[in-house]
Each structure stands twice: as structure tokens, then as C-alpha cells.
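Take a look at the structure below.
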Amino acid sequence: WIMGHMVNAIAQIDEFVNLGANSIETDVSFDKNANPEYTYHGIPCDCGRTCTKSEKFNDFLQGLQKATTPGDSKYQEKLVLVVFDLKSSSLYDNQASDAGKKLAKSLLQNYWKNGNNGGRAYIVLSIPNLAHYKLITGFKETLKTEGHPELMEKVGYDFSGNDDIDQVAKAYKKAGVTGHVWQSDGITNCLPRGLDRVKQAVANRDSSNGFINKVYYWTVDKRSTTRGALDAGVDGVMTNYPDVIADVLSESAYKSKFRIATYEDNPWETFKN
């Protein structure tokens, strides 16, 4: 999965997919009542990027729905996975459940069109704080009470705080999550970061009793960093330059080992050689 980083304006969806992304990451900011409000990152952000592009969250969802619905004039067949980077650190811990409920309602109405031919992309809820695990339970409960528990088949999870892997496992246990787990590791492109924790995550993914299904590394803009991540065995890389990643994937060392994921590839299944 080539994951376009910080795609917060509707116009950027086409821009990143046309450069080779089959996945995008979108920032979600919340108001003080835990309503998802804008697709917005803010300052500071990655080096070489504008930090302040934004849309109202529900408007973005409607644009995203068009981009991921076959037959729509804006349909982008290659776009199969969306990571919502939930900026829930602005909330109190006891608001996490409400944030999950309100997020589910927004997606149900504006993206899934209440289960009536909505967008088809798989969705990852990426949460920065292990203490906010109730965001997941609130989200799940809401889809159930609204009569669409089947949509949870399209939803996966990530804790993005670079926490100790054992602590991440505990948070999922509390949230009742068994599967659909992506594990991120990374840092802003302005700073270097080693691959030690990525390798730990990959080892968990590949062990018989691991809880991780997929591992991605962020934010990868250089060819050398891309090669390091691929050599470590990641499933995805998040990038400001999808064309750079696509380029490296076409090198002889990688093109026999990796291919770009399509809609037929289940993002919740651990890849077995």
C-alpha cells in the first residue's frame, strides 16, 4: 500500500492517486464536543508541505465517497484504503467514546450513505493515544445500533503513538479487538528514525500468536528510506511522494517481492509467503 500522506483537501485525492497512491491518510480534527470537524493537520507538519489545507469533515467524506464509488464520474479505481489520522489528543480521555460514536454517524451518513451504494474503500481508524481505546467501542456500538454492523468488515485500527507493542496489545484487548490491526511506526520526515520498532512489529505480525496483521512506516520520502522499510518487510509506506515509492517498487530487487495492492487484496489478512 502506497499511502499518500496528509490528504486533507478533496482536490488532493486525485493529485495523490494520480502520482501512484492506492491509499490516502487524512487528518481529522475534533471540536470541543468531540464532533469530527475538519480534515486539518495544522502547523507544524512535514518539511516541504503546506500544513493548513482543510475541508469540513462531512464535505471531505462526500468527496471521498465519490472517489471510491464505481460508476461515479470522480471514481478512482486504485484508491482502496483510507487512514483517518484522528487528532483525538485535543479531547479529554472520557470523550473518546463520544468521538467514536460521532465519527461513526458521520461516516454512515456521508461516506457509506446509510449502507446504500456508498464508498467502497477500507477504512483504518488511527488513534494517537492508547487511553482512547473507547473510540473504537463507541464507533462499533453506533454502527450496530444504527443497523449496519456489517460495515465493521470495512474497518480496521491503528494506534499511532509508537507505544510499546505489548501495551498496544493490552489496549486492543480492552477494546475487544481481535483482527483488522494495522501497526504504524514512524516520525515526521524532518527527522530520522531507525527501524528497530518496525522490525518488532513485523516480528509480531509474522509470529503464530501475534495480533498485528499489517505494518506501515511513515513518513517515507527518500529512496534509501523506502528500501530500508521494504527490506524490513513492511506492508505499507506513508509518503509525501507516491511516485518515489512506486519507482523503488519497480526496481529489480523489489518487483518480484512486492506489488501494489488492489481492491481484491484484503487489508486485514496477514500476508503469508
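Just so you know, the numbers here start at 1 and follow the chain as drawn.
Note: Cβ is positioned from N, Cα and C throughout, glycine not excepted.
Annotation comment: Swiss-Prot describes HIS5 as active site. The Cβ of HIS5 (active site) lies under 8 Å from the Cβ of GLU25, ASP46, ARG49, TRP218, THR219, MET238, THR239, ASN240, each on the same chain and at least six residues away in sequence.
What Swiss-Prot lists as Mg(2+) binding site is GLU25, ASP27, ASP85, and the listing cites similarity to another entry. In the shown protein chains, 25 other C-beta atoms lie within 10 A of the C-beta of ASP85 (Mg(2+) binding site).
In sequence order, MET6, ASN8, ASP27, CYS51, THR52, LYS53, LYS87 constitute the residues six or more apart from HIS41 (active site, nucleophile) in its chain with CB-CB distances below 8 Å. DSSP assigns HIS41 (active site, nucleophile) to coil in the three-state reduction, outside any helix or strand. Residues or ranges marked as active site, nucleophile by Swiss-Prot: HIS41.
Under DSSP, CYS51 (disulfide bond) is assigned to coil, being neither helix nor strand in the three-state scheme. Marked as disulfide bond by Swiss-Prot: CYS45-CYS51 (among others).
Annotated disulfide bond per Swiss-Prot: CYS47-CYS190 (among others), in sequence order. Around CYS190 (disulfide bond), taking its Cβ as the centre, 11 other Cβ atoms fall within 10 Å, counting all chains. According to DSSP, CYS190 (disulfide bond) is assigned to coil rather than to any helix or strand.
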Other residues near the Mg(2+) site, CB within 8 A of the CB centroid of GLU25, ASP27, ASP85?
HIS5, MET6, VAL7, ASN8, THR26, VAL28, HIS41, VAL83, PHE84, LEU86, LYS87, SER126
Can you tell which of the binding-site residues (GLU25, ASP27) has the fewest other C-beta atoms within 10 angstroms of its C-beta?
ASP27
Just checking, which of CYS45, CYS47, CYS51 (disulfide-bonded residues) has the fewest C-beta atoms within 10 Å of its C-beta?
CYS47
Could you give the Cα-Cα distance between CYS190 (disulfide bond) and ASP85 (Mg(2+) binding site), in whole Å?
19
Roughly how many angstrom lie between the C-alpha atoms of CYS47 (disulfide bond) and ASP85 (Mg(2+) binding site)?
18
Cα distance, ASP85 (Mg(2+) binding site) to CYS45 (disulfide bond), nearest Å?
13
